[in-house]
Each structure stands twice: as structure tokens, then as C-alpha cells.
Amino acid sequence: MRGLRIGTVVGIPVRLNWTFLIVLPLFAYLIGSEVTTIAGVMNETLNAGIDTAAVGAGTTPWLLGLAAVVGLFAGVLLHEFGHSLVAMRYGYEIESITLWLLGGLANFAEFPEDWKHEFWIAVAGPIVSLGVGAVCYGAFVLAPAGANALLFVFSYLAVLNVVLAGFNMLPAFPMDGGRVLRALLARNQPHAQATQRAAGVGKVFAFLMGVFGLLTFQLLLIVLAFFIYIAASGEAQQTTLKAVFEDVTVADVMTPRERLHTVTETTSVADLMSRMFEERHTGYPVMDGDDLVGMVTLEDAREVREVERDAYHVEDVMETDVASVTAGTDAMSALQVMQEHGVGRLPVIDADGELVGLISRSDLMTAFNIIQTGGTPSVITGRRAEEEGRLL
């Protein structure tokens, strides 16, 4: 998740997503508009002694709302640093921490598969939140009587941080509690299987949360439920792909150079479209002799109006800044490169930069389906050769 970088702490970039800039004043307004109600709850639960009339007068509610929401997100940031510092201690790289609409997100370069590592990384955040809550409660106890603003902010943040810790420990994968659940399941079953089961529990919680949000008209809860469901599905899929593609390389899946269809820079866009129809391909490496000079896809060709396709050539529409992989790259990494660059195929090059093949998203998905049914890389290669033979 991208965002505006505001600094670096212990080597971890801290970013603000644009949604945070919307939710900060919104939350401040919502808290400010309910200051007297919240103060009453604090008085009942913690015997806070807050003068509700004083905190509800003039601009005080809005200043208290702003102070409370800044304190809340500071607690969220510390929560994410709890995860990150424990992860770094185990040797995992943290790319950044981002504050956004639903709180904070520590971006791991790679998620842990060791169940002990994941367990302690997951519980570290809620433990920090409990610690922040305890510190706020201590500040609340030490605040002088009559200091209504301090009593309100510290009592409210004490409660919020404890609630944050408890909420995050719900077994709704990929929330902290869901990761704890996966870690415990992974003690005696494969990591991918544990992920599928934890994701299933997470989807159930997301559904129930969404229904509750609809019944109580809680928009933020509905958004959170949607995020949990999508994130659980996505991570479960990624984990399954990683497990299936273990020990599978690009060389096992790619179309090798000798069977590869290519075009030249001088091929007209009209001829390119004809070849795409005849050969059932939607992307080609563009060659200048033996040199790879770019890639051209159906999307590129569509940019030219039909009446002008005879006048335009591949060199006019092709992409020259092309991501690539080597034959020894593992299949999962190749898929991640495609996702990062938003492309459906990658040229495969050797150490000298020479084209040795092409790998596409459809190649990877075909390989995935075959391996899941008990096939091997050799079966994948053989089946692809048979299919190409039938086309010829």
C-alpha cells in the first residue's frame, strides 16, 4: 500500500495513505460531537470525575476530538511497530508501516511460515496496545482533579487501546487473532492447509461482521468486513500458489525460444492483429535479429484505430521498458513480478541478455492446475507441446 512518506523509525519508513487524511478529521469530528456522551461513559466505568459541561463547551469538544484521534493513531502506529520489531528480530524485512482508513498496516517483504515466529509477531501488536492502554490509564490516574481535558483524553485512550487489543485478537484472519490461529494450526499441519482453514474462519467472521454492520448502520464496520474477506481470500490464494509452485522454476513452465512466436519492429499493426487471431496469442516478444527490443500486446495494438493499422507498425506501439526473468527464477517469483508490473507475460533471458523463452500468466495457471492434480513439470511441458502441435 503506497502513501506519503513522513519519516523513518528504526529503519522502517512510515507512510500516510490518502485515506488517512480523510479519516483523521472525520474521526475527530465524530469524537468531538459525542464528547459529553463519552465523558459520561468514562465517569461511569472509570469514575473519571470529568465535568461533562466543561468538556462540551465552546470549541473544547473539537480540540478533544482531535487530541483523541491523534492519540489513537499514535497507539495504532506503536501497535504496528510491535509487530515489526519482533519480526525484525526474527530476521524478516519490513518494507514500511502505513496508516490508512482502517488503522495501520505493517508491510512485510515476506510473511513468516515458522509457526512460532508468526505467533509471537502476531501477539506483539496487541501486547503493545495493552501496554499503551496501561500507560494511558496511569496518566489518567496521575492527572490532577479538575483537569477535565487530560482526564477525558487519557481515560478514553486507555479504554480504546484495550479495545483495540481485544478486537485485533478476534480469530478473523488476516487480523492478529487470525494469524495466531494459523500459527497454532500450523504446529501439526502444512502451512498452506493452516492458511486455508484460518482464512475460512476469517471469512465467516467477515460475513457476520458485515451483517452486523448492515443491521446497525455502521459503515466503517461494513468496510472492515469487506477488507477482511478480500484480504483473507487473497492471502489464502497466494499461500496455496506458493505451496504448489515450490521447487518449480520458470524453465519448467515457459515456452522455450525454439517454439516461441515473435514479431519484428516493422510488422504492421494490421498484420500483428491477424497473427494474434491465427495463432491465438495476445502478446509477442519484439525482435531485431537476435536481440529482444520490446514486447507488444493486444492492448497496445488496440490503441491504434482500425483504419490506421496498416500505416502503424509494432515499433510505434510496443513497450520497450520490459521486466524480465531468468530460467532459474522460481515460478512464484515470476508471478509476483507480473503482478507488480501489471503484465500478463514476461520474456525469459539468459546471463547474456539473450531471449530464451516466454512465460505467461496462463502458463502459470495451467501449471498450477496440473500440479494440483498430481502432475509434474515434465507433464506440463509435454502437454503444452502437444497443444502447440495440434495448433500447427
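Even glycines carry a Cβ here, placed using N, Cα and C.
Any TrEMBL annotation is an automated prediction that lacks curation.
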Revision key, fill the gap. Cross-ref TrEMBL: Zn(2+) site HIS79, HIS83; candidate in list ASP176, ASP247, ASP252 matching that site is ASP176
Check your understanding: If you count other Cβ atoms within 10 Å of each one's Cβ, which of the binding-site residues HIS79, HIS83 has the most?
Key -> HIS79
Point to revise | Within-chain partners of the transmembrane segment (120-142) [C-beta distance under 8 Å, separation at least 6 from its ends] | key: 46, 48, 71, 75, 78-83, 85-87, 90, 92, 112, 150-151, 154-155, 157-162, 164-166, 168-169, 176-177, 179-180, 183
Exercise for review: Establish whether the number of Cβ pairs under 8 Å between the transmembrane segment (52-78) and the transmembrane segment (149-170) reaches at least three, counting only pairs separated by 6 or more residues.
Suggested key: yes
Revision key, fill the gap. Long-range CB partners for the transmembrane segment (12-32) (under 8 A, at least six residues beyond its ends), listed in sequence order, are 1-6, 38, 61-66, 68-70, 72-73, 77, 81, 84, 94-101, 156
Practice item. Using DSSP, break the domain 'CBS' (254-311) down into helix, strand and coil residues and give each count. Key: 22 helix, 18 strand, 18 coil
Study note, to complete from the structure: Residues sitting within 8 A of the centre of the HIS79, HIS83, ASP176 CB atoms (Zn(2+) site), not counting those, run GLU80, GLY82, GLY104, ALA106, ALA122, ALA124, GLY125, PRO126, VAL128, SER129, ASN168
